[in-house]
Structure formats: C-alpha cells, structure tokens
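**Student:** Heads up, here are the entries from Swiss-Prot:
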type: COMPBIAS; residues: 1-11; note: compositional bias 'Pro residues'
type: REGION; residues: 1-80; note: region 'Disordered'
type: MOD_RES; residues: ARG18; note: dimethylated arginine
type: MOD_RES; residues: ARG30; note: dimethylated arginine
type: MOD_RES; residues: SER37; note: phosphoserine
type: MOD_RES; residues: SER66; note: phosphoserine
type: REGION; residues: 244-288; note: region 'Disordered'
type: COMPBIAS; residues: 271-280; note: compositional bias 'Polar residues'
type: MOD_RES; residues: SER273; note: phosphoserine
type: MOD_RES; residues: SER438; note: phosphoserine
type: REGION; residues: 444-468; note: region 'Disordered'
type: COMPBIAS; residues: 448-457; note: compositional bias 'Pro residues'
type: MOD_RES; residues: SER697; note: phosphoserine
type: MOD_RES; residues: SER934; note: phosphoserine
type: MOD_RES; residues: SER978; note: phosphoserine
type: REGION; residues: 989-999; note: region 'Interaction with GORASP1/GRASP65'
Amino acid sequence: MWPPRFPPPRPGMSEETRQSKLAAAKKKLREYQQKNSPGVPAGAKKKKKIKNGHSPERPTASDCQSPENVPTDHIAPAPPTAATDTMFLGVTPSPDADLTQSHDAGNCSNLMEETKTFSSTESLRQLSQQLNGLVSESTSYINGEGLTSSNMKELENRYQELAVALDSSYVTNKQLSSTIEELKQQNQDTLDQLEKEKKDYQQKLAKEQGSLREQLQVHIQTIGILVSEKAELQTALAHTQQAARQKAGESEDLASRLQSSRQRVGELERTLSTVSTQQKQADRYNKDLTKERDALKLELYKNSKSNEDLRQQNSELEEKLRVLVAEKAAAQLGVEELQKKLEMSELLLQQFSSQSSAAGGNEQLQHAMEERAQLETHVSQLMESLKQLQVERDQYAENLKGESAMWQQRVQQMAEQVHTLKEEKEHRERQVQELETSLAALRSQMEEPPPPEPPAGPSEAEEQLQGEVEQLHKELERLTGQLRAQVQDNESLSHLNREQEGRLLELEREAQRWSEQAEERKQILESMQSDRTTISRALSQNRELKEQLAELQNGFVRLTNENMEITSALQSEQHVKKELARKLGELQERLGELKETVELKSQEAQGLQEQRDQCLSHLQQYAAAYQQHLAAYEQLTSEKEAIHKQLLLQTQLMDQLQHEEVQGKMAAELARQELQEAQERLKATSQENQQLQAQLSLLVLPGEGDVDQEEEDEEVPQSSLAIPEDLDSREAMVAFFNAAIARAEEEQARLRVQLKEQKARCRSLSHLAAPVQSKLEKEAVVPRNVDDSASEESNQALHVAMEKLQSRFLEVMQEKVELKERVEELEHCCIQLSGETDTIGEYIALYQNQRAVLKARHLEKEEYISRLAQDKEEMKVKLLELQELVLRLVNERNEWQGKFLAVSQNPGDVLTPVPTGSQEFGAADQQDDLREVSLADDIEPAQGEAGVPAPHENPTAQQIMQLLREIQNPRERPGLGSNPCIPFFYRADENDEVKIMVV
C-alpha cells in the first residue's frame, strides 16, 4: 500500500510528532521496498547485461548520488537506516537473474522492457534523494533552524511528485514482475522440452544403432551364406571343368591314334597338306591368312604340276609297255627260232630217246605258248586298269580341293570368333575394373565415421546405398561368371588350335616323307629303265620275260592296293572328321548346358537372396518384440548343430561316392592298359606272321620267287591289324578280336596252301629230272658217232641242269621241313592269341559291370540330390505359409489386446468379469516386464458370458499347428533329416504350442 500524503509540518510542531511521522513513513517505505524487492534487481541485471552487450552506459541504482552530491543547503548527516535502504534498492541480487540472462541473450524484443526498468530505478533514485533532503531538513529543524514557508511549499510539491512517481513505479514494478514470472515459466518449459528432446534423441539413437547392428549382423550372415554358395558353385564348376578336361584328353588320345593311322596315307596326305599348312598358319598367325592363301595356291599349283608329271610318267610307262610288246614279238620270233633249234635237237635225240620223251617236250612247248598268250591278255588288262586308276586319281584330287576350300572357310570363321571373343573379354575386364573402383569408393564411403549427431533422414539414404552396393555385388558376380566362361571358351579354342597345329606338323612331316619317297621312286624308275634296257638285250630267255611281266603285275597290284588304301583312308578320314565334328558339337552343347545351369543357379541364388532379404526385413520388424526369446534360440542352435551333423554325413557320403568313382576310373584305366597290352601282343604276333611270310617267300622257285615275294610283301600290310579307336562297348571289342582270330586263321590257311604249292613244284621238278637222267644213262650206253662235238655240248648242258635240279631239290626239301616247323609255331601262337582274346573279353565284361554299377550309383546320387532339392523347396513354401499364419495370428492377438485394453480402461461400462488372459495383460502392462503368450490360446473378451475359447476354435492356430506337425514329422520325405528347419523366432513345445515373447 502506498502511504498517504501528510500535510506539511507546521512551525510550531513539536519534535516528537515529527519524529513519529518520519518513523511511520520509513516503516511504510521499508514495507514497500520489501514488497517490490524481487523486481528491482532484475532491472539492474538487465542493465548489466546491456553493458556487457556494448550498450551506452547509464547510471544505475547503485550509482545514485551520495549525500555529498546533494546541494550544500541540504547537507546533513543521514541516519544509517535511510542509507541502507537506498543501497538495498540498487544492490539486492535476484536468484533468477542468470536464467533470464541466458534465456533473453539474443532477443531484441526485450529492449523496451529494459528501458522501463531503467526509468523505474531512476524514479526510485529521485525518491531516495528527496527522502535524504527531507531527513536533512528535519535534522536542521531539530538543530534549531527555522523553516520558511517557501521551503514548506517546496517540500509539499516534492512530496506530491514523489507520490506520483511511486504510483507509476509501483505499476511498472507489477508489470515487470509479471513479465519476469512469464519468462521464468517459459524458460522452465524450454528446459523441460530440451531435456525431453535429449532423452528422445538418445533413445532414437540407441534404437537406430541397435537396428543398424542387427542389419550388419544379418548382412554378414547373408554374405557368409553367399560366399559358401559361391564356393559350392566353384567346386561344381571345377568338377565340370575336370570332366571336360577328361573328355578333351580322350579326344587327344583318339587324335593320336588317328595320327598313327594316317602314316600310311600317300597321295591323300599330299593333297591334304595344303589344308594342314593353312590350319597351322592360322593357329600361329591369326592375321596373315592372306599370305597363307597365296602359299597354299602355290602349293596347289605345284601339286597340279606333280599330277601332270605323274600323268607324263604314266604315258611313258604306256610307251614302255608298247616297247615291251614289240620286244615280246621279237621274243616270239626268238622262241620260234628256238623251237626250230629244238626240233633239230629233237631229231638228233630221236636216236637216243623214245617217242614218249619227244611227246613230253612238245607238251612243254605247247604249255609255254599258252602261258605267253595268257601273259599278253594279262598285260592288256593291266593297261585298262591303269587308265581307270588315273581317272579315279583325278576324282580324288577334285574332292580334296573341295575339302581344302571348306577347311579354309572354317579356319576363317574360327579366327573371327577368336577376335570377337578377345574384344568381349577386354570389354568385360573394363567393366569389372569400373565396378571394382565404384565398389572401392562405396566401401570408403561406408567406412567413413558417421557424424556425432546424425539427423533422422539419412537412414533412407544409407538403405539406398546398401541396395546399390548389393546390386553392384550382383553385377560383379555376374560379370565374373561371364568372364570365367569367356576364359574357358578361349582356353578350349586355344587347346583346339594346339591340336590342329600338332596335326598340321605331322602332315607336313608326312608330306616331306612323301617327297623323299617320290625322289626314291624316280630313282627306282630310272633303275627300272636301266634294268629294262638290260632285259631288252636278253630277249632270248623266257624266264626274264616272265620276270618283267611279273613286275608289271606287281605294279598293278600295288596300284590297286594303294587305290584301296587311299579309298579306305579317305573313308576313315571322313568318318573321323564326322566323329570329331560330332564330338565338338557335343562338347559345345555341354558347355552351353553348363552355362545355362550356371545362369540358372545364379538366378536361383539371386531369388534366394531376395527371399532372404524379405525374411530379414520381416525379422528386423519383429526383432525388437522377440529379443529375449533365449530358450527358443538355444533349441534352434541345437537343431542347427544336428542339421550341420547331417550335412557332414551327407558330405561324407558324397566323398565316399567320389572315392568309388575314382576306384571305378582306376579299374577302367587298368582294363584299358590291359587292352593296350593285348593290342601290343597282337602287333607282335602280326610282326611274327610277317617274318614268317618273308621266310616263306624265300622258299619260292627262282623262276617265280620274285613274283611270290612281291605278292607276299603286298599281302603283309593287308594282314596287319589296325586297331580301331572307338572300342567303347564289349560287343565291339569281342567282334574286333573275333575278326582278328579269323584273319589269323585265314593267314594260316594261306600258308598251308603255299606249302601245298611248294610240294607240287617239288614233284614237278622231280618229274622233269627223271627223263633227263634216263637220257644221260642212254647216252652212256650208245657209242659216239660223227657228231661228237654237238653231243658233248648237249651232254654237258644237261649235266649242269641235272646238278642244279638236284641241289634245288635238296634245298626245297629242307625249306619244306622248316616251313612245317614254322606252321606249327604259328598254330601255337594262334592258340595263345585266342586264349588272350578270351581273357580280354572277360576283362571287358568286368569293366562293363563296374561301369554299370558306377552309373547306378551316380543315378541314385542324382535322385537323392533332386529329392533333397524338392524337399528344400517344399520346406521353404511351408515356412512362408507358417510365417504368414504367425503374422496373421499376431495381428489378431494385437487386435484382441487392443480391445481388451479398451475394455480395461472403461471397467464401468462392462458388467461381465474380465478373463484371466486380460488380467495377465494388465499385470504385464503395470509391471513393464516380459511375458510369455501362448499362440494356441485365443483370448477373446465375449459380450455376455466371458470365457477362454479352446485352441482348436481358431483356424489360423490350427493351420500353424498342422504345418508345424508336417515340418517336424516329414514321413513322406525320406531324404530329409529328423530335425526340420524352423525359423528362430518361433518353435512348438511339447504341447504343440508356439510361445512368443511379447514386450
């Protein structure tokens, strides 16, 4: 309350009344100061704040005028109470000044309030000065000094002014106190909000860090699973590559066998040398194909020249044949002369021999004439066959030219494919490098530490970056797979190119051999010409003429044999080329199938990864609700260990199967080695047969020995066994060995026929020797006549012939004995060969049985793996259904829980008792603890009579239990283990109930 105005003191007023009034005024002033004391220091603090904010300096209540600043006419010692009161007005501190200072530091709207507080303090200062003056006047009045009326008026005016100033200051103080209280309240509210925001922010940070850690763990697990799957795929690829390499090794073996068979090819290899050189140059120099074409054209031109030379040689041979025919006519003349001489000799010998001997000589002459006629017809047939062979040779040359053009086109196509593959490989490598750089940049960004106070927004950006990183990982894996496939294709192409280089080198070597043989043939032709000149000089001898005809016949036989060999070699080469093309096509198809399987597996891996991502997203959503489900997690770990044991058992079974496969392969290799040994034995026996045939050829008569020797030399290579390269089945091997045995038997029969012929020749020689010997005996009895000289010469000739016949007869008999011994040895060798073929057939049967067993095991393994994959897919489908049902059941439970909470919040509206399940929920909410909720129960607050329904009344719970029973008891799936896979956030207990921890 503001003190009332007092009238001015009168001059005659007593000192006691004045002192009492002053004391009352001081008391009221103190009360007023005590009431308004909280508001005054605020202004002082604000002024101090303005000084700290570089505002212009203003006087405060603490800087009020001291008693020395009062005018001299008012100077008087003031009482201590007034001085202390004035100091209290300007110096009293406030406890909330710091809060207001911290809260209003940057607000420009409080400047007007500060000016108001400044004016109130100024008015208080003036009031204190007036009080000091009044006190000084009172003291002066007490001391005996009189007051004038003017002073009294001034005092009254001052008093009125002070009253007005006090009223205004009171109003302003009230306003300031209200504003201060409002500011305090605002400051307190802002502090509370800041604390709440800090707590919320810390909680959000903790939740986000937990979720990010869980996501990182999940990503680490998925990466580990993907790495394991990648390792499995790599092992599968390694197995397929090993199988492909084995097939390539088999193809190399086949190629080596083909190369051994090609050594006997003659003119075919000469024409194929162009193709081989082109292939070799294409493999070595992929860019110099045009130069190689020119070289091949030159070689073709040379070959055409060589063909023309051969034609010229054939024409020369024809001319020589004509000369031989002329020589034959001359020989016939000589024979006629000899016949005349023989007739003369017969006339002379008629005296010493009987008519029977003369008749035998005539028969011999007739037989010689018939042989000459037969030889002439045979020569004409040889000429016709030579012409036919020339025509066939021209046809073969044309066919080889067409094949060479086809091979040139194929080589060009292969070079283009290699170039395109190199370009694709470089492009893929660039893409991989770019992806690696982008991955490194993303990893560096991910490894950078997050800011201390990240906002709530960047989580989405991080998720986007993670998605991009996963996509880049997928692209990188896909590109690496493509790059590996490209590398494998390049390796296969390089391997094929190397094989073709080896073949071309062998063909070149054979061409060189053929050129050397051509030179040798030229030399042989020259020697033949020289021999024929010598033969033309000795036309008188029938024996030499027979040898020439035999040589011609041998040449014809050689040509026919070479023709047959060339045709057979061509057919075999064509067949081999077809088989190689078919095998190449099969290998390419297998490679394509492997690529498709790899792509399918990669797609399946991507699908599984997407499913895992979906499952992980669901798990992250429910991870906060099921964190403390430790018992179920331990059970799941035990199940995981059991599954791991099952997987180990399966891997052991797979290792056993692989070991058995390796054993089967070793057995197959042993059988193959035994086959090779048998083939070597067959070759040795064939060589022995050749040696025997050569020895037999030495036993032929001197007149016909060369002919038979050359025939046997031509028959030996025909009887040599050519082991085929495609003996895969048992039937083929048995047929091959039966054919070999039949061929050996044929050779044995042929040798027996030769023995019979030798016997017949020996008999004929004995018959020829008998009349000559009788003639000699008769000559010894008959006396010599006038023609002693002629008879002596004829007797000497006959004696020499007899000696030769006797020596030849003895040699033939010895050779006959040796031939019998050799025939017995050959029969023994044939018996051994038949026994060895039987053992080889048994080995082949064992190999086929082992191969069938391995195939059956492999099929069983594939069926088991397919069954496991099918069970895995079915288990995935069931788990997805189970997850959907659990989510549906959880949603229903949440709905019923919400309904129950609504009912529990309004207990007055519900008359029925609350079921036990709802009481448990209320207790859980009050205690803020975790509680186990059975999914088999379905809490449902009923309207009317409340009760807990049975588990079988809820269809979702029934479906969940049915799926869990199917998963735990897979009776229809023998391939799966006894412990099924169940996600870790739920599991059935002994009562077939799923318990979930609810927060």
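Note: Cβ is positioned from N, Cα and C throughout, glycine not excepted.
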**Student:** Count the Cβ atoms, other than its own, that fall within 10 Å of the Cβ of ARG30 (dimethylated arginine), considering every protein chain shown.
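**Tutor:** The answer is 14.
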**Student:** Compute the C-alpha separation of SER438 (phosphoserine) from ARG18 (dimethylated arginine), stating it in Å without decimals.
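**Tutor:** Between the Cα atoms of SER438 (phosphoserine) and ARG18 (dimethylated arginine), the distance comes to 98 Å.
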**Student:** Mind giving me a neighbour count for ARG18 (dimethylated arginine)? Other Cβ atoms within 10 Å of its Cβ, every protein chain shown.
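**Tutor:** The answer is 15 other Cβ atoms.
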**Student:** How far is it from ARG30 (dimethylated arginine) to ARG18 (dimethylated arginine), counting Cα to Cα, in Å?
**Tutor:** 18
**Student:** Please report the DSSP secondary structure of ARG18 (dimethylated arginine), reduced to three states.
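**Tutor:** DSSP call for ARG18 (dimethylated arginine): helix.
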**Student:** Is ARG30 (dimethylated arginine) helix, strand or coil when read with DSSP?
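**Tutor:** Where ARG30 (dimethylated arginine) sits, the three-state DSSP reduction gives helix.
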